Amino acid sequence: MTNIRKTHPLMKIMNNSFIDLPAPSNISSWWNFGSLLGACLVIQIITGLFLAMHYTADTTTAFSSVTHICRDVNQGWIIRYLHANGASMFFLCLFLHVGRGMYYGSFTLTETWNIGIILLFTVMATAFMGYVLPWGQMSFWGATVITNLLSAIPYMGTDLVEWIWGGFSVDKATLTRFFAFHFILPFVILALVMVHLLFLHETGSNNPLGIPSESDKIPFHPYYTIKDLLGLMFLLITLMILVLFSPDLLGDPDNYMPANPLSTPPHIKPEWYFLFAYAILRSIPNKLGGVLALVMSILILAIIPMLQTAKQRSMTFRPLSQIMFWILTADLLILTWIGGQPVEHPFVTIGQVASILYFSLILIIMPTVSLFENKMLKW
């Protein structure tokens, strides 16, 4: 008799996706991040659901309701900190996942890559709106500054900003709609993840050598299920250490002050995972130019497949490209650091140099180096 998991319409889909899926025999731990991101999403949806049971999306009570969750709700503090730090782990895994894709040439699977970029934008939008909900000083001013950027759009900018605000400033209407969007978007992300996996399973995974692996596949279960469980264990241990020992390490102290439209914090800055983009935004003196650079800093990922000049897919055997890749990584770390610094000398100059280097590396330097490596293959 055939196993039910191979015949039942629903279980058959699960089986072909997570059990009998033929996977390359040599994928390394860098391929763990997909499952870790799935785990992060599940953690965020579950903790978020429990937070939403006690949260009130109203300017007068939002801050108090978050305090109430931490003080009065059973295990409320751990749910709140799991959700806040879970977002940090989510973005850490996202950046490593995208970096893996760039290093090993996974962007040649263009459909999967493009859905991934849409996912990245959606997750960033969700995280931004979630940061506004506690209605602390940084929540309010972050919302004001970031939504205000849309006013740089010619002709319709101001109308667009007021439409998003639901009034003439960030107020009750803004908070209510942000909560509504923050609640619904994770389910949109869930749907996009399914599309992401659908496209991935059309072609099969890439591998560290960047070569076809049809001739040497192994079943996903038990080999990669156990490997993913090991990665998940590391993720959960890291998350729990963060939550239980220093839950506010990655947060901003200003957000423990209730939102006050009459008092601007000395340094308005987003959470750490947006700092690199924020630094690029600030490095351009022109408002519209800054907004375009901000959007392009992520959207540039979409043109990476077109900039592929190398004859080898992966960077495994391309030492010069490897050096450029790690310079790009260092550059992003510098931008992250600069995004959290005040707008003064020498940080402004460092930010401008790092921003120019970021775009130059992706658009000019890395494709040129790849061409040079193609020549080296003939020597």
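For all residues, glycine too, the Cβ spot is worked out from N, Cα and C.
The heme b b562 binding site annotation in Swiss-Prot covers H83, H182 and is backed by similarity to another entry. Residues or ranges marked as heme b b566 binding site by Swiss-Prot: H97, H196. The feature ubiquinone binding site is assigned by Swiss-Prot to H201, with similarity to another entry given as support. Per Swiss-Prot, transmembrane segment is recorded for 33-53, 77-98, 113-133, 178-198, 226-246, 288-308, 320-340, 347-367, and the stated evidence type is similarity to another entry.
Features recorded in Swiss-Prot, as mapped to the structure shown.
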residue : record                   : DSSP class
H83     : heme b b562 binding site : helix
H97     : heme b b566 binding site : helix
H182    : heme b b562 binding site : helix
H196    : heme b b566 binding site : helix
H201    : ubiquinone binding site  : helix
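Within its own chain, the transmembrane segment (226-246) has Cβ neighbours under 8 Å at 29, 32-33, 35-36, 39-40, 43, 78, 81-82, 85-86, 88-89, 93, counting only residues six or more beyond its boundaries.
Note: H201 (ubiquinone binding site) has non-local neighbours N16, S17, L21, i.e. same-chain residues 6+ apart with C-beta under 8 A of its own C-beta. Residue environment of H196 (heme b b566 binding site) contains 21 other Cβ atoms, counted within 10 Å of its Cβ in all protein chains. The separation of H83 (heme b b562 binding site) from H196 (heme b b566 binding site), Cα to Cα, is 24 Å. Counting every protein chain shown, 21 other Cβ atoms lie within 10 Å of the Cβ of H83 (heme b b562 binding site). Counting Cβ pairs under 8 Å to the transmembrane segment (113-133), the stretch among 77-98, 178-198, 320-340 with the most such contacts is 178-198.
Counting every protein chain shown, the number of other Cβ atoms lying within 10 Å of the Cβ of H97 (heme b b566 binding site) is 20. You'll find the Cα of H182 (heme b b562 binding site) roughly 23 Å from the Cα of H97 (heme b b566 binding site). H83 (heme b b562 binding site) sits 21 Å from H97 (heme b b566 binding site), taking the Cα positions as reference. Cβ contacts within 10 Å of H182 (heme b b562 binding site), excluding its own Cβ and spanning all protein chains shown: 21.
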